[in-house]
Amino acid sequence: MHTLQTTSLRIRDNALFILDQQALPQEKRWLDASTVEALVGHIHALRVRGAPLIGLSASLLLALLAEQGHSRDALLHALETLRASRPTAVNLMNNLDRMKLALREEGFVAALVTEALRLVEEDKALCDGIARAGSALVKPGSRLLTHCNTGGLATAGVGTALGVIQQAHRQGKVANVWVDETRPLLQGGRLTAWELGELGVPYQLITDSMAASLMAKGLVDAVWVGADRIAANGDVANKIGTYSLAVLAKFHGIPFYVAAPRTTLDPHCPNGEAIPIEQRAAAEVTGAAGSFGAVRWTPPDAQVYNPAFDVTPATLISGWVLDSGIVTPEEVEKGVFAIAR
Ligand code: MRU
């Protein structure tokens, strides 16, 4: 396959590399992800993360394995293993469904390569569409609050919610971005802070528990988040902590927007209750690991509950900003997400 480069994916010499999102921003380290075992390990460890990026990395790996001469059966097995690597972000399943169709074709090697590259190009265009539609909602002088990381690191393009913020900043409309640090793995404190810094967007990092008092003081004009899965009734699964922001925004009368590509829609999932929520290791909460070194601050026998995502009910969402435009609560009530796009 020819060379490919996005913010956090790279193909060189028929090998797939991922930018280690656990090492950022301290270190910019590219890791080989050219086997199913390696990529699944990186996905589990969130070295490659973000709903769109997981799906793209899995699709590119399948294309590479096909080019290396793996049989159709072996590729199907690889596809199912990759599909099971993380349960919540439906982009992975949606992308792999398309790869599975390509695998059925007679010339499946070329079909898989074409499809994987098409998915990458499409994702860039989807991000641009979201940024275009979403930035129109941002008012001049806005102080925006965001959670987790939804930027170029998490997609092949400019990102979803962060793409909107970037575009609105280019249009001169962003006064400040409040960046939730996003416990426990600090995607906000490490990744969003890094991306906004690189882009020259003014931001201030806050701990997740500060949002309420900022809103009460009138310092937040809108909340922008991404999504890992949007159910047919408009309920949204996203990084843990998103739901509390939506409740707070509703209480304070602040618009709460979800930005996502069509690959995040799951018309077969009736509502948020049906979205599988990934449970993660206790060690993420009992201390810190990664490039900080391992530190534990809890008693050794501390019991932990650590869901990676929560569900925000559709009733708390002011608008779903897709690549195709803004979807209103009225349209969602009428069932637009129940129809596959
Ligand atoms: O566990 P993560 O870091 O993969 O979670 C990521 C999120 O929740 C993002 O908000 C979501 O995937 C959208 S990324 C464009």
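Heads up, the Cβ atoms here are built off N, Cα and C, so glycines get one too.
Pulled from TrEMBL, these are the features on record:
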ACT_SITE  D228  active site, proton donor
BINDING   R49, G50, A51, R86, Q187, N238, K239  substrate binding site
SITE      C148  site 'Transition state stabilizer'
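On the structure: features taken from TrEMBL.
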residue: R49; record: substrate binding site; CB count, 10 Å: 25
residue: G50; record: substrate binding site; CB count, 10 Å: 29
residue: A51; record: substrate binding site; CB count, 10 Å: 28
residue: R86; record: substrate binding site; CB count, 10 Å: 22
residue: C148; record: site 'Transition state stabilizer'; CB count, 10 Å: 29
residue: Q187; record: substrate binding site; CB count, 10 Å: 27
residue: D228; record: active site, proton donor; CB count, 10 Å: 30
residue: N238; record: substrate binding site; CB count, 10 Å: 29
residue: K239; record: substrate binding site; CB count, 10 Å: 27
DSSP state at G50 (substrate binding site), helix/strand/coil: coil
Entries of G50, R86, D228 (recorded positions) sitting next to ligand 1, with Cβ under 6 Å as the cut-off: G50, D228
Pairwise CA distance, D228 (active site, proton donor) versus N238 (substrate binding site), rounded so that it is a whole Å: 5
Pairwise Cα distance for K239 (substrate binding site)/C148 (site 'Transition state stabilizer') [Å, integer]: 6
Maximum Cα-Cα separation in Å among residues R49, G50, A51, R86, Q187, N238, K239, which the record lists as binding substrate: 17
DSSP state at Q187 (substrate binding site), helix/strand/coil: helix
